[in-house]
Amino acid sequence: MAATTAAALCGPSGPVRMGLKPNVVFVLGGPGSGKGTQCERLSRELRYVHLSAGELLRQARESGSEEGVLLDEYLREGRIVPVELSLCLLRKAMIASGGTRFLIDGFPRNQDNLDGWERIMGKEADVTCVLFLECPESVLEARLLHRGLSSGRSDDNLESARKRFRQHVEITLPVVEHFQSYGLVRRVDGSQDMDTVFANTCAALSDAMEREVMAATRAQIEAATDNDTAAHAAMCCEDATGAGCTGSAATALKIPADVETWGGKGASANAAAKPFELLNPHMQIMGNVALLSYLRHNGGGDAGREAAVEETRVWLGVGGRWRLKHLHCSAIKTAQP
């Protein structure tokens, strides 16, 4: 069966998003480096969606799904499992989660994985960074042997551990170096205790999280200026609050400032002609809560600015997405040129 059959299972290509392009953090490291452990905690405390490529393949085999049947066929015949199948499972899991913030654990492991991702998913999701857990081989061996006492995994033995480490060095490290050339790799010493590694991991992800919050902010303002109430509301908490402006159009959007500031229902044409700018942003992230303040100008340059607004947004990471919890705005009238 051709590799294209695996791709066909996913159906026609389309966006993996609901109002916002997904942000992906690849999590790589040697066998036993703690990828799964750290991802589980990051998912729990920072509200990312954690997807493991290997676990998705195992679940597919056990489920008897079309993907599982195809996977069994490849393994039974001793053929390499096509990257299209792994990406099909990842893509479906991303859609099913309803999230926009993902930790993908153990992928891409090799150049074929990387090429497949860029070919199939490159335009559908943004890779914000690669979290790389570095660990000496001796530490990895000790961890795998200890894990083997209770894991029941056949590959948690010394011979398999050394083979897997060689494969990691020869096959996965070149992928890490590829992302390093784009400045996307965040290296963390994975040999330390779990709490220290987690603290360092959170620090390493801080700039990626800041970019996620800025992207969510821009997307929500764009939804408001386009009068897209559904997209705007999808990025709000159910109990979101706001202060600073009032009006019927604002009530429909839950949060008052976005539409009312630019003229209510007539805002979309105005915004199209004069895009907004976010100036002097200041952000603080505390776990899964982000506090962002900035000055928003309507208009593309110094000439023609009609208004400025000081805004503060409180974002909450929940369900694999950033959702707006509170917005406060203060309109500032500026002089016409």
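Placed from the backbone N, Cα and C atoms, the Cβ positions cover glycine too.
Unlike curated entries, TrEMBL annotations are predicted automatically.
Listed in TrEMBL for this protein:
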BINDING   GLY32, SER33, GLY34, LYS35, GLY36, THR37, ARG147, GLN192  ATP binding site
BINDING   ARG58, ARG79, ILE80, VAL81, GLY106, PHE107, PRO108, ARG109, ARG153, ARG164  ribonucleoside 5'-phosphate binding site
BINDING   ASN113  CMP binding site
DOMAIN    214-324  domain 'DUF4440'
REGION    146-156  region 'LID'
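Cβ neighbour density within 10 Å is lowest for GLY36 among the binding-site residues GLY36, PRO108. In this structure the alpha carbons, written CA, of GLN192 (ATP binding site) and GLY106 (ribonucleoside 5'-phosphate binding site) are 20 Å apart.
Most other Cβ atoms within 10 A: among the binding-site residues LYS35, ARG58, ARG147, that distinction falls to LYS35. Mean pLDDT for the domain 'DUF4440' (214-324) in the predicted structure: 74.
Of all the Cβ atoms in the protein chains shown, 14 others lie within 10 Å of the Cβ of THR37 (ATP binding site).
On its own chain, GLY32 (ATP binding site) has CYS135, VAL139, LEU140, GLU141, ARG143, LEU144, ARG147, ALA161 as residues at least 6 apart in sequence with a Cβ closer than 8 Å to its own Cβ. Ranking the binding-site residues SER33, ASN113, GLN192 by C-beta neighbours within 10 Å puts SER33 at the top. Of the binding-site residues GLY34, GLY106, GLY34 has the largest number of other Cβ atoms within 10 Å of its own Cβ.
Distance from the CA of GLY36 (ATP binding site) to the CA of ILE80 (ribonucleoside 5'-phosphate binding site) is 24 Å. Of the residues the record lists as binding ATP, namely GLY32, SER33, GLY34, LYS35, GLY36, THR37, ARG147, GLN192, the two whose Cα atoms sit farthest apart are 17 Å from each other. ILE80 (ribonucleoside 5'-phosphate binding site) counts 9 other C-beta atoms within 10 Å of its own C-beta, drawing on all protein chains shown. Checking each of the binding-site residues ARG58, GLY106, PRO108, ASN113 against THR37 (ATP binding site) by C-alpha distance, the shortest gap belongs to GLY106.
Not a single one of the binding-site residues ARG58, GLY106, PRO108, ASN113 has a C-alpha within 10 angstroms of the C-alpha of GLY34 (ATP binding site). Cα-Cα distance from the residue listed as 'CMP binding site' to GLY36 (ATP binding site): 19 Å (rounded to the nearest whole number).
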